[in-house]
Amino acid sequence: MSSRTGASLLLILFFFQICSVSALTNGLDASALNALKSEWTTPPDGWEGSDPCGTNWVGITCQNDRVVSISLGNLDLEGKLPADISFLSELRILDLSYNPKLSGPLPPNIGNLGKLRNLILVGCSFSGQIPESIGTLKELIYLSLNLNKFSGTIPPSIGLLSKLYWFDIADNQIEGELPVSNGTSAPGLDMLLQTKHFHFGKNKLSGNIPKELFSSNMSLIHVLFDGNQFTGEIPETLSLVKTLTVLRLDRNKLIGDIPSYLNNLTNLNELYLANNRFTGTLPNLTSLTSLYTLDVSNNTLDFSPIPSWISSLPSLSTLRMEGIQLNGPIPISFFSPPQLQTVILKRNSIVESLDFGTDVSSQLEFVDLQYNEITDYKPSANKVLQVILANNPVCLEAGNGPSYCSAIQHNTSFSTLPTNCSPCEPGMEASPTCRCAYPFMGTLYFRSPSFSGLFNSTNFSILQKAIADFFKKFNYPVDSVGVRNIRENPTDHQLLIDLLVFPLGRESFNQTGMSLVGFAFSNQTYKPPPIFGPYIFKADLYKQFSDVEVSSKSSNKSILIGAVVGVVVLLLLLTIAGIYALRQKKRAERATGQNNPFAKWDTSKSSIDAPQLMGAKAFTFEELKKCTDNFSEANDVGGGGYGKVYRGILPNGQLIAIKRAQQGSLQGGLEFKTEIELLSRVHHKNVVRLLGFCFDRNEQMLVYEYISNGSLKDSLSGKSGIRLDWTRRLKIALGSGKGLAYLHELADPPIIHRDIKSNNILLDENLTAKVADFGLSKLVGDPEKTHVTTQVKGTMGYLDPEYYMTNQLTEKSDVYGFGVVLLELLTGRSPIERGKYVVREVKTKMNKSRSLYDLQELLDTTIIASSGNLKGFEKYVDLALRCVEEEGVNRPSMGEVVKEIENIMQLAGLNPNSDSATSSRTYEDAIKGSGDPYGSESFQYSGNFPASKLEPQ
């Protein structure tokens, strides 16, 4: 092989090495996105390769190597949302809107997306119950699940989303009552004090609207409860929400009087109460000076004249009072409010003459008085407007000749698109600038516009200009926009407008451009003029995506370009090789400091590199080698996943336990330093104490006090030979509870153990319980309190049931594990034994009306032998079962657990403040005859310090 060929091959190999180590996407993120790609029948075009951040996958936004945004609206995606989505732990935005072929339930572990701010699934076909785990998305601001097929009830846990701004579940099949908190543990929607939007319309929600739902502390501006099955009266507490601007309670089964306390909502712009079962008379609402729209149609109100106070509403634009048994003549000043545009009074008993007089609003366009008793009509001399008097006596006498005797005919021909452009090819549309293109199209649904007339084209021209100006201001790839086909839904009076958005500089959008435009609407980034009110945008399927624009007109040009690119790549590789060599040199220099943070530590001097220890000593390798007789087999007393545990004797005669990390468990130097600093701060008589460490000769060792009587598991199983009567079990429960409460509440920073079990509770020579195996893994972000959690992900039988949904372990997870330990102390059984789960066995067997709750056959024989002195037994069982409640919010804190055990001990005639349990004459025999207390299952170290966020396995 020639030297030139060899050099070329080396260069190629080097290039592939660079590529292999320089992927720009975090491994778990890449795996999650590839799972999406595999799950979807029609993944987005351009999702090629295995490095989404590096190859710029459509709709994917990254920061560094982490995926922070997925925006894939209106891409005709088909399939389900796989559980792998939960691995995108840095994701802030998930927008899959307007993909109607996306179906199935949302994965329960969607709650693992702890940094998610925007969850936008509008216009898909997702179904099933909204996952309870959504309540764990503490950063969530925007939750849009409308226009899907969700069923079931609203999860109460959504009340925990303290930052939620937008909550939209409209147009689904959600049923049941609105959840409110119970004031103690159960959350509810009344806790959403920062939320501005409750959009719950067009579902199957039922029951009374809870009075507890509303308070003066809320920030709501839109409450849209229309099209449900709510019953009862409007709660008075609603009037406390002074920020409300839109209230839609129409199309329900509400009863009682329309309350006068609605006058307190002085910022209200739109009030919809139509199609309910209200009775009584319409109250005076003259305090609502900002009211644009009032709709009280189709209620069984008492016969009454047209209220004169209507003319005192200065902002009123649309008035609907259809079918509410109005009678008598129309007051002469009725049409005088200066902003009044539309009046609908049909299906009443209004009599005499329709006379607009001279004091009529200059804005008035449309008056509908069909099906009344009008006998005469005097048109306004100075105003052209549309009046409908069909099915009134005046029309029966005049016949069908006058135009006002014809039923309404809506004009939907208005369009801002030009009609004088040259014809376009089939499928294309002419833009306002007469360019033929494939526009991105859809329908704007305005849920409560403050006008109802379809005749004033000025409003729609304003809308068209506002949308175009928005896209121009923020540099969207948009040439122009147009609106057309304006119509009103007669059922709910929503205003529907077709929108066309034309691409800039090309015939069609690419997927990125179209997603940007769609996101502006799905995320409500675009805000329409206020008169249009809240809206949703339902996009049409867009398939005319432009391909990547590559010039291929000349093969010679292609060859030339290829040659130039080849030379550039070669030079680039040579440059990279040089840079790589320099960086490797510097990296090697840095590695010394990172891998050995104690390298510059002079024990005789003060140094910033010295670990800040509290009572822990730095041992040399030679010191520990000597005290373990060269780590002899005789001193090998067990171990776990971290490595082996050796017994040693210090020169002063003190017994120590040395945990020696095996190669696969070694941490980074800085991580090890951080860990020993934190472990050295833990000082409590019920927690195994760190005496020191060794970071020498590429070894990492932790030195602990030696606990002679092994684990609680050994004693319960009979392995240790120690007899545990009821008194001793209570003292062990109290001691281990105090140790765990210390870790939660007094350690600095607080520590979440994450693997509480009987193997990790050790007993000293006095049977004092000591919590072990709380090796640290990472700080958990909490603005109020910083916790440290352990690497261990828990043990079957002790594992918090909520973990399976959230993949998160908390202080309440430790409480659950401790509750299982309490039941172990009671039964002497392992958590799972012969396929039976001790928690379920106790719950099933228990009968509170009988002695000892009828649990005798489950109790440990040692307890049965002392059954005559089981004072506090029932309270102990109650406490254990509270600790193993399915939901963490229903479990006590460890501080509360300790207080209850102290009370139980007092009931048993014991002093909860005594320092130790009773001694045992079997201690020496146990130590000699049962093997070492640090057996293979005991005291398993969990101290691997992950460099990045801990992910579920």
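A Cβ is built for glycine as well, from the same backbone N, Cα and C atoms used for every other residue.
Feature annotations, reproduced from Swiss-Prot:
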REPEAT    164-187  repeat 'LRR 5'
CARBOHYD  Asn182  N-linked glycosylation site
CARBOHYD  Asn217  N-linked glycosylation site
REPEAT    242-265  repeat 'LRR 8'
CARBOHYD  Asn264  N-linked glycosylation site
CARBOHYD  Asn284  N-linked glycosylation site
REPEAT    292-311  repeat 'LRR 10'
CARBOHYD  Asn298  N-linked glycosylation site
REPEAT    313-337  repeat 'LRR 11'
REPEAT    339-361  repeat 'LRR 12'
CARBOHYD  Asn411  N-linked glycosylation site
CARBOHYD  Asn456  N-linked glycosylation site
CARBOHYD  Asn459  N-linked glycosylation site
CARBOHYD  Asn510  N-linked glycosylation site
CARBOHYD  Asn523  N-linked glycosylation site
BINDING   Val637, Gly638, Gly639, Gly640, Gly641, Tyr642, Gly643, Lys644, Val645, Lys659  ATP binding site
Densest Cβ neighbourhood among Asn217, Asn459 (glycosylation sites), 10 Å radius: Asn459
Intrachain neighbours beyond the repeat 'LRR 12' (339-361), with Cβ under 8 angstroms and 6 or more residues off its ends: 292, 297, 303, 306, 314-330, 332-333, 367-380, 382-383, 387-389, 394, 451-453, 456
Glycosylation sites listed as Asn264, Asn284, Asn298, Asn523, least Cβ neighbours within 10 Å: Asn284
Of Val637, Val645 (the binding-site residues), the residue whose Cβ has the fewest other Cβ atoms within 10 Å: Val637
When distances run from the Cα of Asn523 (N-linked glycosylation site) to each of the binding-site residues Val637, Gly639, Gly643, Val645, the nearest one: Gly643
Separation of alpha carbons, Gly639 (ATP binding site) and Asn284 (N-linked glycosylation site) (Å): 80
The repeat 'LRR 8' (242-265) - residue tally per DSSP class, helix then strand then coil: 5 helix, 8 strand, 11 coil
Fewest other Cβ within 10 angstroms of its own Cβ, chosen from the glycosylation sites Asn182, Asn510: Asn182
Integer Å distance between the CA atoms belonging to Gly643 (ATP binding site) and Asn510 (N-linked glycosylation site): 55
Candidates Asn182, Asn217, Asn264, Asn298, Asn459 (glycosylation sites) - the one closest to Val637 (ATP binding site) by CA: Asn182
Inter-residue Cα distance where the pair is Gly639 (ATP binding site) and Asn264 (N-linked glycosylation site), in Å: 70
Surrounding CB atoms that lie within 10 Å of the CB of Gly643 (ATP binding site), all protein chains: 21
Inter-residue C-alpha distance, Asn182 (N-linked glycosylation site) and Asn217 (N-linked glycosylation site) (nearest angstrom): 17
